[in-house]
Amino acid sequence: MAIKAEEISALLRSQIENYESEMAVTDVGTVLQIGDGIALIHGLNDVMAGELIEFKSGVLGLAQNLEESNVGVVILGPYADIKEGDEVKRTGRIMEVPVGNELIGRVVNPLGQPIDGQGPVNTTSTRPVEKKATGVMDRKSVDEPLQTGIKAIDALVPIGRGQRELIIGDRQTGKTTVAIDTILNQADQDTICIYVAIGQKDSTVRANVEKLRQEGALDYTIVVSASAADPAPMLYIAPYSGVAMAEEFMFAGKDVLIVYDDLTKQAAAYRELSLLLRRPPGREAYPGDVFYLHSRLLERAAKLNDDLGGGSITALPIIETQAGDIAAYVPTNVISITDGQIFLQSDLFFSGVRPAINAGQSVSRVGGSAQIKAMKKVAGTLRLDLASYRELESFAQFGSDLDEFTAKKLERGKRTVEILKQDKNKPLPVENQVLIIYALTKGYLDDIPVEDITRFEEELNLWAKSNATELLNEIKTSGALPKDEAFESAITEFKKSFSKSEA
C-alpha cells in the first residue's frame with residue numbers, strides 16, 4: 001500500500017501542533033556526610049521541615065535540621081549503600097501513612113508497610129503523620145466509660161473515652177499486661193484498638209500478637225511495631241503513625257483505643273537523633289523540646305463533639321521508671337500532660353498483688369464523670385478503705401493489742417486486696433465487678449476466710465451467670481444500681497451453697 005506524501009506531511013503537522021514542551025524541575029542536593037542514620041545534605045534550599053527526602057538508593061529520609069548551608073536528615077531505613085557525594089532529591093511530600101479499615105488485623109511498621117507476611121495492605125487513603133491536635137471548641141467533655149475489665153482500674157481509677165491515662169511503673173511490673181487486657185475487653189465494646197510497640201524485642205511483639213490472635217482481639221486491632229533492631233527514626237515516628245491511623249477512625253465517628261508501649265524508648269530514640277543532629281542537650285541529655293515531643297502526640301487523643309461525629313481516641317501511654325522514680329524528667333513530663341496515671345509498684349507485684357496498682361498514687365482526673373452509676377455507688381468508699389487499711393497494716397505490725405474496730409478494718413482490708421487481685425488475660429465484665437464489690441463493701445465477705453475469697457468470686461460469677469442473669473443485664477443495660485433487696489437475696493442465696501474450706 002502506497003503512502004501519499006500529503007498524508008505524511010499532515011501527520012507531521014498534527015504532531016508538531018500537539019507537541020508540548022515540558023521541563024521537570026527537581027530540587028536536588030548532595031550528601032556531604034553520612035553516618036549513624038543521619039545525613040547532612042547540601043543544596044536543598046527550599047526543603048520543608050518534616051519533608052520526605054529521596055536518596056539514590058530509593059531509601060527515604062526525614063528533613064529535621066534546616067540550616068543556612070545544609071539540611072540534617074534522619075534516614076528511615078538501611079543506609080549502608082548511601083555514600084558522600086550521592087545525589088538526593090526533594091519529594092515535596094510531608095510524611096504520610098496508609099490508613100483505613102484494611103489495616104485492621106495487620107501488623108505494620110511505622111511507615112505502614114506490612115511485616116506480618118500476609119501480603120500488601122490494599123488501601124489508597126493516607127494521612128500525614130504530624131497533624132495539629134483537635135481544637136478546644138471541636139471537643140466535648142469525657143462522659144462515656146471505657147471499661148478495661150480490670151476491677152482495680154474500673155473501680156478506683158476509671159477511664160473515659162477520649163481520656164489520656166498514663167500507665168507507669170518499673171520494668172516487669174505488668175504494664176503491658178494491663179494494656180493488653182484492656183484491648184481484650186473491647187471485644188463487644190465497638191472499639192477499634194491500635195497497639196504501638198516501640199523498641200521492644202521482636203519475640204515480645206510476636207507473643208503479644210499471638211495472644212491477641214488467640215483471643216480473637218486481632219479482628220479489631222492494628223499493631224504498629226518499631227522493634228529494638230529498627231533505626232532510631234522508626235522508633236521516633238512510630239507513635240505518630242499510630243495516632244494518624246487512629247484519627248481516620250475518630251473522624252469517621254468511631255471510638256479508638258491506642259496504646260503506646262512505651263514512650264520512654266521513644267524519648268531515648270529522639271534523644272539519640274537530637275544529639276547526632278548536634279542539637280544542644282538539656283536535663284538528662286534530652287533536647288529542650290522533649291516535652292513538646294509527647295504533648296503534641298497525646299493532645300491528639302480527644303472526644304469530638306457531636307457535630308464532628310462524636311468519635312474519640314483514648315490513649316494509654318506507658319512509661320518505664322527506674323527504681324520507682326516518678327520524679328525523673330520524662331515521667332514528670334508525661335504525668336503533667338495526661339489526665340491521670342495508674343502507678344504499678346514492684347513491691348506489690350512481687351508480694352503477689354497483681355495487677356500491682358498502688359491506689360494511693362494512682363488517679364483519674366476526668367474518668368470519674370464517665371464511670372457508670374452502679375460502680376460509682378458501690379466503689380465510692382473503696383479507695384479510702386484501701387488507704388486506711390495500708391496505714392493500719394503498717395501500724396499493726398508493731399502491736400498485737402488491737403481494738404475491735406481496728407481488727408475489723410484490717411480483716412475487711414485483707415479481703416479488699418484479695419478481691420482486687422486478678423489473673424492476666426481474664427478481663428471481667430463491669431456487671432460482675434459491681435456484684436462482687438457490692439458483696440465486699442456490704443460485709444458479705446467478712447465471714448469468708450481470706451484464702452477462699454478468690455474461689456468465692458469465681459463461683460459467684462458462675463452462679464450469677466445462670467441464676468442472676470436479669471440482675472446482671474439490668475446493670476449492663478441501664479448502668480444503674482438495682483435495689484439492695486435484689487442484690488441481697490442473690491448473694492445470700494449463693495452463700496447458702498458456698499462451702500468454706502476447712503481451717
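Every residue, even glycine, has its Cβ placed from backbone N, Cα and C.
Here Swiss-Prot flags 114-135 as region 'Disordered'.
Among the features that Swiss-Prot reports, ATP binding site is placed at Gly169, Asp170, Arg171, Gln172, Thr173, Gly174, Lys175, Thr176. Under a cutoff of 8 A between CB atoms, and with a sequence separation of 6+ in the same chain, the neighbours of Arg171 (ATP binding site) are Glu320.
Annotated site 'Required for activity' per Swiss-Prot: Ser362, in sequence order, evidence recorded as sequence analysis. Under the three-state DSSP scheme, Ser362 (site 'Required for activity') falls in the coil class.
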Which residue, out of the binding-site residues Gly169, Gly174, shows the minimum number of other Cβ atoms inside 10 Å of its Cβ in this structure?
Gly174
Reduced DSSP assignment, Gly169 (ATP binding site):
strand
Between Thr173 (ATP binding site) and Ser362 (site 'Required for activity'), what is the CA-CA distance rounded to a whole number of Å?
15
Binding-site residues listed as Gln172, Thr173, Thr176, least Cβ neighbours within 10 Å:
Gln172
Could you give me the DSSP helix, strand and coil counts for the region 'Disordered' (114-135)?
0 helix, 4 strand, 18 coil
